[in-house]
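First comes the structure, then the notes that go with it.
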Amino acid sequence: MSSVRIECVAQEGCRIGESPVWDEKEGALLYVDITGRKVCRWSPDTRQAQAIPVDAPVSSVALRKSGDYVITLGTRFAALKWKEELVTTITQVDKDKANTRFNDGKVDPAGRYFAGTMAEEIRPAVLERHQGSLYTLFPDLSVVKHFDQVDISNGLDWSLDHRTFFYIDSLSYSVDAFDYDLQTGKIGNRRSIYKLEKEESIPDGMCIDTEGKLWVACYDGGRVIRLDPETGKRLQTVKLPVDKTTSCCFGGKDYSEMYVTSASDGMDKESLSRQPQAGGIFKITGLGVKGIPPYPFVG
(Lines of atoms letter the chains of each structure in order from A; the text may use other names.)
(Lines give C-alpha, C1' and ligand atoms only; values in the text may rest on other atoms or scores of the structure.)
Protein backbone atom coordinates (compact mmCIF):
# COMPACT_ATOMS: atom_id res chain seq x y z
CA MET A 1 0.00 0.00 0.00
CA SER A 2 1.44 3.38 -0.93
CA SER A 3 1.47 6.05 1.75
CA VAL A 4 -1.74 8.07 1.75
CA ARG A 5 -1.46 11.85 2.21
CA ILE A 6 -4.35 14.18 3.01
CA GLU A 7 -4.16 17.93 2.51
CA CYS A 8 -6.80 20.65 2.87
CA VAL A 9 -6.37 22.59 -0.39
CA ALA A 10 -9.26 25.05 -0.14
CA GLN A 11 -10.27 26.37 3.27
CA GLU A 12 -13.18 28.56 2.16
CA GLY A 13 -15.36 26.84 4.74
CA CYS A 14 -18.29 25.75 2.59
CA ARG A 15 -21.58 25.40 4.42
CA ILE A 16 -22.32 22.24 2.42
CA GLY A 17 -19.55 21.54 -0.08
CA GLU A 18 -20.69 18.95 -2.65
CA SER A 19 -20.43 17.53 -6.17
CA PRO A 20 -16.68 17.72 -6.87
CA VAL A 21 -15.95 17.31 -10.61
CA TRP A 22 -12.59 17.57 -12.33
CA ASP A 23 -12.61 19.93 -15.33
CA GLU A 24 -9.72 18.69 -17.45
CA LYS A 25 -9.93 21.57 -19.93
CA GLU A 26 -9.50 24.14 -17.14
CA GLY A 27 -7.20 21.92 -15.06
CA ALA A 28 -9.42 22.79 -12.12
CA LEU A 29 -11.84 21.31 -9.60
CA LEU A 30 -15.50 22.29 -9.76
CA TYR A 31 -17.74 21.96 -6.73
CA VAL A 32 -20.79 23.61 -5.18
CA ASP A 33 -21.73 25.02 -1.79
CA ILE A 34 -25.39 24.05 -1.53
CA THR A 35 -26.65 26.34 1.23
CA GLY A 36 -23.93 28.89 0.48
CA ARG A 37 -25.56 29.15 -2.98
CA LYS A 38 -22.43 29.25 -5.06
CA VAL A 39 -20.63 27.27 -7.74
CA CYS A 40 -16.87 27.19 -7.19
CA ARG A 41 -13.80 26.40 -9.29
CA TRP A 42 -10.50 25.77 -7.54
CA SER A 43 -7.24 25.93 -9.47
CA PRO A 44 -4.25 23.90 -8.26
CA ASP A 45 -1.97 26.42 -10.05
CA THR A 46 -3.21 29.52 -8.23
CA ARG A 47 -4.49 27.56 -5.19
CA GLN A 48 -7.46 29.91 -5.27
CA ALA A 49 -11.17 29.22 -5.69
CA GLN A 50 -13.42 31.46 -7.78
CA ALA A 51 -17.11 31.45 -6.86
CA ILE A 52 -20.24 32.36 -8.79
CA PRO A 53 -23.26 33.20 -6.62
CA VAL A 54 -26.66 31.78 -7.63
CA ASP A 55 -30.24 32.48 -6.49
CA ALA A 56 -31.15 29.12 -4.92
CA PRO A 57 -29.49 26.11 -3.25
CA VAL A 58 -27.16 24.63 -5.91
CA SER A 59 -26.54 20.94 -5.38
CA SER A 60 -24.55 19.58 -8.32
CA VAL A 61 -22.47 20.74 -11.27
CA ALA A 62 -21.48 18.86 -14.42
CA LEU A 63 -19.49 19.52 -17.57
CA ARG A 64 -21.35 20.32 -20.80
CA LYS A 65 -20.04 19.08 -24.14
CA SER A 66 -20.89 22.34 -25.88
CA GLY A 67 -18.87 24.23 -23.25
CA ASP A 68 -19.42 25.58 -19.75
CA TYR A 69 -21.60 23.69 -17.26
CA VAL A 70 -24.98 22.39 -16.21
CA ILE A 71 -26.18 22.60 -12.62
CA THR A 72 -29.07 21.56 -10.41
CA LEU A 73 -30.50 24.65 -8.74
CA GLY A 74 -33.48 24.49 -6.41
CA THR A 75 -35.80 22.21 -8.39
CA ARG A 76 -34.38 23.31 -11.75
CA PHE A 77 -31.93 21.87 -14.21
CA ALA A 78 -30.01 24.93 -15.43
CA ALA A 79 -27.12 26.00 -17.67
CA LEU A 80 -24.23 28.04 -16.29
CA LYS A 81 -22.01 30.23 -18.46
CA TRP A 82 -18.94 30.76 -16.30
CA LYS A 83 -17.37 33.93 -17.74
CA GLU A 84 -20.70 35.72 -18.02
CA GLU A 85 -21.84 34.39 -14.63
CA LEU A 86 -25.12 33.66 -16.39
CA VAL A 87 -27.61 31.01 -15.27
CA THR A 88 -30.51 29.98 -17.51
CA THR A 89 -33.23 27.50 -16.57
CA ILE A 90 -33.51 24.39 -18.74
CA THR A 91 -36.51 22.80 -17.02
CA GLN A 92 -38.12 22.33 -13.61
CA VAL A 93 -39.17 19.21 -11.65
CA ASP A 94 -41.25 18.50 -8.53
CA LYS A 95 -43.76 21.17 -9.52
CA ASP A 96 -46.35 19.51 -7.27
CA LYS A 97 -44.12 19.90 -4.19
CA ALA A 98 -43.50 23.16 -2.36
CA ASN A 99 -40.65 22.01 -0.17
CA THR A 100 -38.11 19.99 -2.17
CA ARG A 101 -34.78 20.73 -3.82
CA PHE A 102 -32.34 18.82 -5.95
CA ASN A 103 -29.43 17.10 -4.27
CA ASP A 104 -26.60 15.13 -5.92
CA GLY A 105 -26.36 14.70 -9.69
CA LYS A 106 -24.00 13.17 -12.25
CA VAL A 107 -23.81 12.58 -16.01
CA ASP A 108 -24.00 9.01 -17.32
CA PRO A 109 -21.66 7.52 -20.00
CA ALA A 110 -24.18 8.45 -22.75
CA GLY A 111 -24.29 12.11 -21.69
CA ARG A 112 -27.58 12.15 -19.74
CA TYR A 113 -27.75 14.14 -16.49
CA PHE A 114 -29.13 12.11 -13.55
CA ALA A 115 -30.14 13.98 -10.39
CA GLY A 116 -32.46 13.39 -7.46
CA THR A 117 -34.45 15.51 -5.06
CA MET A 118 -35.14 15.58 -1.31
CA ALA A 119 -37.21 17.62 1.14
CA GLU A 120 -35.59 20.81 2.45
CA GLU A 121 -33.79 19.97 5.68
CA ILE A 122 -34.98 21.23 9.05
CA ARG A 123 -31.39 20.69 10.20
CA PRO A 124 -28.66 18.49 8.66
CA ALA A 125 -30.10 15.04 7.75
CA VAL A 126 -33.41 15.87 9.49
CA LEU A 127 -36.27 16.29 7.03
CA GLU A 128 -39.70 15.13 5.95
CA ARG A 129 -39.18 11.65 4.58
CA HIS A 130 -40.07 10.07 1.22
CA GLN A 131 -40.45 13.43 -0.57
CA GLY A 132 -37.67 12.98 -3.13
CA SER A 133 -37.48 11.45 -6.62
CA LEU A 134 -34.77 10.46 -9.11
CA TYR A 135 -34.79 12.16 -12.51
CA THR A 136 -32.84 12.16 -15.77
CA LEU A 137 -32.39 15.16 -18.04
CA PHE A 138 -31.98 13.78 -21.56
CA PRO A 139 -29.90 15.44 -24.31
CA ASP A 140 -33.15 16.63 -25.98
CA LEU A 141 -33.89 18.40 -22.65
CA SER A 142 -36.82 16.14 -21.81
CA VAL A 143 -37.01 14.77 -18.26
CA VAL A 144 -37.88 11.27 -17.05
CA LYS A 145 -38.77 10.41 -13.44
CA HIS A 146 -37.50 6.96 -12.45
CA PHE A 147 -39.05 6.59 -8.99
CA ASP A 148 -40.17 8.58 -5.96
CA GLN A 149 -40.41 7.97 -2.17
CA VAL A 150 -36.73 8.93 -1.81
CA ASP A 151 -35.42 10.39 1.47
CA ILE A 152 -32.09 12.01 0.47
CA SER A 153 -31.14 11.32 -3.14
CA ASN A 154 -27.37 11.13 -3.15
CA GLY A 155 -24.29 9.46 -4.68
CA LEU A 156 -24.48 8.01 -8.19
CA ASP A 157 -22.11 6.37 -10.67
CA TRP A 158 -21.93 3.67 -13.33
CA SER A 159 -19.91 0.47 -13.61
CA LEU A 160 -17.02 0.44 -16.07
CA ASP A 161 -19.00 -1.77 -18.48
CA HIS A 162 -21.96 0.67 -18.15
CA ARG A 163 -24.33 -2.18 -17.27
CA THR A 164 -24.85 -1.23 -13.62
CA PHE A 165 -26.03 2.02 -12.08
CA PHE A 166 -24.98 2.62 -8.46
CA TYR A 167 -27.12 4.86 -6.26
CA ILE A 168 -27.41 6.03 -2.66
CA ASP A 169 -30.55 7.12 -0.82
CA SER A 170 -28.73 8.29 2.30
CA LEU A 171 -31.22 7.39 5.01
CA SER A 172 -31.38 3.78 3.79
CA TYR A 173 -27.72 3.50 4.92
CA SER A 174 -27.19 1.41 1.80
CA VAL A 175 -25.31 1.53 -1.48
CA ASP A 176 -27.65 0.12 -4.13
CA ALA A 177 -27.17 -1.24 -7.64
CA PHE A 178 -29.56 -1.32 -10.61
CA ASP A 179 -29.32 -3.02 -13.98
CA TYR A 180 -28.61 -0.26 -16.49
CA ASP A 181 -29.54 0.03 -20.16
CA LEU A 182 -27.12 2.50 -21.71
CA GLN A 183 -29.16 2.76 -24.94
CA THR A 184 -32.33 3.94 -23.21
CA GLY A 185 -31.15 5.16 -19.78
CA LYS A 186 -33.62 2.80 -18.10
CA ILE A 187 -32.89 1.25 -14.70
CA GLY A 188 -34.31 -1.84 -12.98
CA ASN A 189 -33.72 -4.75 -10.57
CA ARG A 190 -32.70 -2.67 -7.54
CA ARG A 191 -30.63 -4.42 -4.86
CA SER A 192 -28.40 -3.43 -1.95
CA ILE A 193 -24.69 -4.15 -2.38
CA TYR A 194 -23.40 -2.67 0.88
CA LYS A 195 -24.97 -1.67 4.20
CA LEU A 196 -23.02 0.91 6.17
CA GLU A 197 -21.76 0.06 9.63
CA LYS A 198 -22.63 2.29 12.56
CA GLU A 199 -19.30 4.15 12.72
CA GLU A 200 -19.41 4.80 8.96
CA SER A 201 -22.61 6.80 9.56
CA ILE A 202 -24.48 8.20 6.50
CA PRO A 203 -23.51 7.36 2.88
CA ASP A 204 -23.27 10.51 0.78
CA GLY A 205 -21.45 11.18 -2.53
CA MET A 206 -19.69 8.45 -4.49
CA CYS A 207 -17.30 7.80 -7.38
CA ILE A 208 -15.72 4.82 -9.15
CA ASP A 209 -12.05 3.99 -9.84
CA THR A 210 -10.42 2.30 -12.85
CA GLU A 211 -10.56 -1.05 -11.05
CA GLY A 212 -14.36 -0.79 -10.83
CA LYS A 213 -14.39 -0.24 -7.06
CA LEU A 214 -16.63 2.38 -5.45
CA TRP A 215 -15.52 5.16 -3.12
CA VAL A 216 -18.20 6.51 -0.80
CA ALA A 217 -17.94 9.64 1.36
CA CYS A 218 -19.49 9.05 4.80
CA TYR A 219 -21.32 12.08 6.18
CA ASP A 220 -20.77 12.36 9.95
CA GLY A 221 -18.35 9.44 9.54
CA GLY A 222 -15.30 11.56 8.63
CA ARG A 223 -14.06 9.12 6.02
CA VAL A 224 -14.23 7.74 2.52
CA ILE A 225 -14.55 3.99 2.14
CA ARG A 226 -13.63 1.81 -0.83
CA LEU A 227 -16.10 -0.96 -1.65
CA ASP A 228 -16.08 -3.93 -3.99
CA PRO A 229 -19.53 -3.90 -5.63
CA GLU A 230 -19.14 -7.56 -6.68
CA THR A 231 -18.46 -8.99 -3.21
CA GLY A 232 -20.07 -6.28 -1.07
CA LYS A 233 -16.87 -6.05 1.00
CA ARG A 234 -15.21 -2.90 2.29
CA LEU A 235 -11.61 -2.84 1.04
CA GLN A 236 -10.21 0.36 2.53
CA THR A 237 -11.03 3.25 4.86
CA VAL A 238 -9.41 6.68 4.62
CA LYS A 239 -10.14 8.93 7.60
CA LEU A 240 -10.23 12.70 7.23
CA PRO A 241 -9.74 15.48 9.80
CA VAL A 242 -13.42 16.55 9.50
CA ASP A 243 -16.60 14.60 10.29
CA LYS A 244 -18.93 15.94 7.61
CA THR A 245 -17.33 14.47 4.49
CA THR A 246 -19.88 14.82 1.69
CA SER A 247 -18.56 13.62 -1.67
CA CYS A 248 -15.48 12.55 -3.62
CA CYS A 249 -14.06 12.46 -7.14
CA PHE A 250 -10.78 11.71 -8.86
CA GLY A 251 -8.88 14.48 -10.59
CA GLY A 252 -5.48 15.93 -11.36
CA LYS A 253 -3.45 15.39 -14.53
CA ASP A 254 -3.78 11.59 -14.51
CA TYR A 255 -6.84 11.26 -12.24
CA SER A 256 -4.69 9.80 -9.46
CA GLU A 257 -5.68 12.43 -6.88
CA MET A 258 -8.90 12.18 -4.93
CA TYR A 259 -10.79 15.33 -3.96
CA VAL A 260 -13.21 15.24 -1.03
CA THR A 261 -15.74 17.95 -0.19
CA SER A 262 -17.04 18.62 3.32
CA ALA A 263 -19.64 20.63 5.22
CA SER A 264 -19.80 22.91 8.26
CA ASP A 265 -23.57 23.45 8.48
CA GLY A 266 -25.07 22.43 11.80
CA MET A 267 -21.78 22.64 13.71
CA ASP A 268 -21.58 24.76 16.85
CA LYS A 269 -18.59 26.94 17.82
CA GLU A 270 -17.04 24.22 19.92
CA SER A 271 -17.19 21.65 17.08
CA LEU A 272 -15.80 24.19 14.62
CA SER A 273 -12.90 25.00 16.95
CA ARG A 274 -12.12 21.25 17.12
CA GLN A 275 -12.43 20.92 13.33
CA PRO A 276 -11.30 24.24 11.86
CA GLN A 277 -11.09 22.73 8.37
CA ALA A 278 -14.79 21.75 8.29
CA GLY A 279 -16.25 22.86 4.97
CA GLY A 280 -12.84 22.64 3.31
CA ILE A 281 -11.84 20.73 0.17
CA PHE A 282 -9.32 17.94 0.70
CA LYS A 283 -6.88 16.32 -1.68
CA ILE A 284 -5.84 12.71 -1.06
CA THR A 285 -2.75 11.35 -2.80
CA GLY A 286 -1.01 7.98 -2.65
CA LEU A 287 -4.14 5.85 -2.93
CA GLY A 288 -2.49 3.77 -5.64
CA VAL A 289 -5.57 3.86 -7.87
CA LYS A 290 -6.91 6.25 -10.47
CA GLY A 291 -10.35 7.46 -11.44
CA ILE A 292 -12.02 7.98 -14.79
CA PRO A 293 -12.76 11.38 -16.37
CA PRO A 294 -16.29 12.69 -15.82
CA TYR A 295 -18.77 12.44 -18.70
CA PRO A 296 -20.11 15.70 -20.13
CA PHE A 297 -23.82 16.40 -20.65
CA VAL A 298 -24.40 16.24 -24.41
CA GLY A 299 -27.59 18.34 -24.55
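Each position is counted from 1, following the chain as shown.
Any Cβ shown, glycine's included, is placed from N, Cα and C.
Counting every protein chain shown, the number of other Cβ atoms lying within 10 Å of the Cβ of D204 (active site, proton donor/acceptor) is 29. Taken from TrEMBL, the feature active site, proton donor/acceptor applies to D204.
Among the features that TrEMBL reports, divalent metal cation binding site is placed at E18, N154, D204.
Here TrEMBL flags R101, N103, E121 as substrate binding site. There are 19 other CB atoms within 10 A of the CB of E121 (substrate binding site), with all protein chains counted.
The domain 'SMP-30/Gluconolactonase/LRE-like region' annotation in TrEMBL covers 16-264.
Around N154 (divalent metal cation binding site), a 10 Å sphere centred on its CB holds 30 further CB atoms from the protein chains shown. Taking the centre of the Cβ atoms of R101, N103, E121 as the substrate site, the nearby residues of that chain (Cβ within 8 Å, site residues left out) are I34, P57, S59, T100, F102, T117, M118, A119, E120, L127, I152. In this structure, of the binding-site residues E18, R101, N103, the smallest number of CB atoms within 10 A of the CB marks R101. Of the candidate recorded positions, E18, N154, D204, the one lying closest to R101 (substrate binding site) when CA atoms are compared is N154.
Within 8 Å of the Cβ centroid of the divalent metal cation site, not counting the listed residues E18, N154, D204, the chain contributes S19, N103, D104, I152, G155, I168, S170, G205, A217, Y219, T246, S247. Put simply, E18 (divalent metal cation binding site) is 9 Å from N103 (substrate binding site) when counted between their Cα atoms.
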